[in-house]
């Protein structure tokens with residue numbers, strides 16, 4: 001007889017707080033761009049935020065009492081595997097910093113959307129239906145990749161089909177027809193999410209790989 005989980009237990013099992021934060025970054029990126037903020041204004045904020053995030057991890061690795069407090073407060077926003085490892089938010093910040101610093105702004109924003117939404121979708125779909133489909137990489141299922149693909153198509157439609165629709169947008173200037181661009185974006189999101197680059201954190205790999213591929217095709 002199965003025991004019914006409490007909301008707290010169910011939320012922890014499915015990483016609801018972490019996924020909610022992860023997903024919200026995509027909406028926040030759209031909000032910032034919609035309000036007229038640009039990479040040059042956002043990069044210093046990321047650099048400032050990186051300092052306490054990195055320092056906090058260094059302290060908790062060397063001070064058990066602080067580590068217990070840190071995990072009690074920040075723990076719900078972390079994977080279980082991060083409790084004794086570097087916090088994923090550090091890699092998130094590095095990945096976003098790189099794409100904002102190196103790539104055109106629209107490509108940077110799209111790569112953040114793919115990180116924020118495709119990664120969460122792949123994780124959610126993979127946990128639910130991954131056991132019914134083949135594994136395509138370590139901890140990656142075909143079901144999760146299909147979820148990431150659909151979400152990548154959705155990201156492209158929302159961003160370049162609804163949000164950035166002017167004649168000066170990269171999508172409008174691209175020689176690739178928009179429906180094909182949506183499909184390609186889906187493949188890029190799925191590929192980047194499933195990719196294992198020297199064991200690096202997905203939060204770093206997904207935006208950088210996505211931005212590189214988008215830059216090449218656009």
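Each residue, glycine too, has its Cβ placed from N, Cα and C.
For 1-19, 60-88, 164-179, the entry in Swiss-Prot reads topological domain 'Lumenal'. What Swiss-Prot lists as transmembrane segment is 20-37, 39-59, 89-109, 143-163, 180-200, 201-217. As annotated by Swiss-Prot, topological domain 'Cytoplasmic' applies to 110-142, with the evidence given as similarity to another entry.
Long-range Cβ contacts of the transmembrane segment (39-59) within its own chain (Cβ-Cβ under 8 Å, at least 6 residues beyond either end) map to 32, 66, 70, 74, 86-87, 89-90, 93-94, 96-97, 100-101, 105, 108.
A Cβ distance under 8 Å defines the sequence-distant neighbours of the transmembrane segment (143-163), meaning residues of its chain 6+ beyond its ends; these are 26, 30, 33-34, 106, 109-110, 113-114, 117-119, 121-126, 128-130, 132-133, 136, 169-172, 178, 181-183, 185-190, 193-194. Cβ atoms under 8 Å from those of the topological domain 'Lumenal' (164-179) belong to residues 104, 106-107, 156, 217-218 of the same chain, restricted to positions at least 6 beyond its ends.
Shown for the topological domain 'Cytoplasmic' (110-142): DSSP residue counts in helix, strand and coil, namely 24 helix, 5 strand, 4 coil. In the topological domain 'Lumenal' (164-179), helix, strand and coil residues by DSSP number 6 helix, 0 strand, 10 coil.
If one looks beyond the topological domain 'Cytoplasmic' (110-142) by at least 6 residues along the same chain, the residues whose Cβ comes under 8 Å of a Cβ in the stretch are 14-15, 19, 22-27, 29-30, 92, 95-96, 99, 103, 148, 150-152, 154-156, 158-160, 185, 188-190, 192-196, 202-203, 206-208, 210-211, 214.
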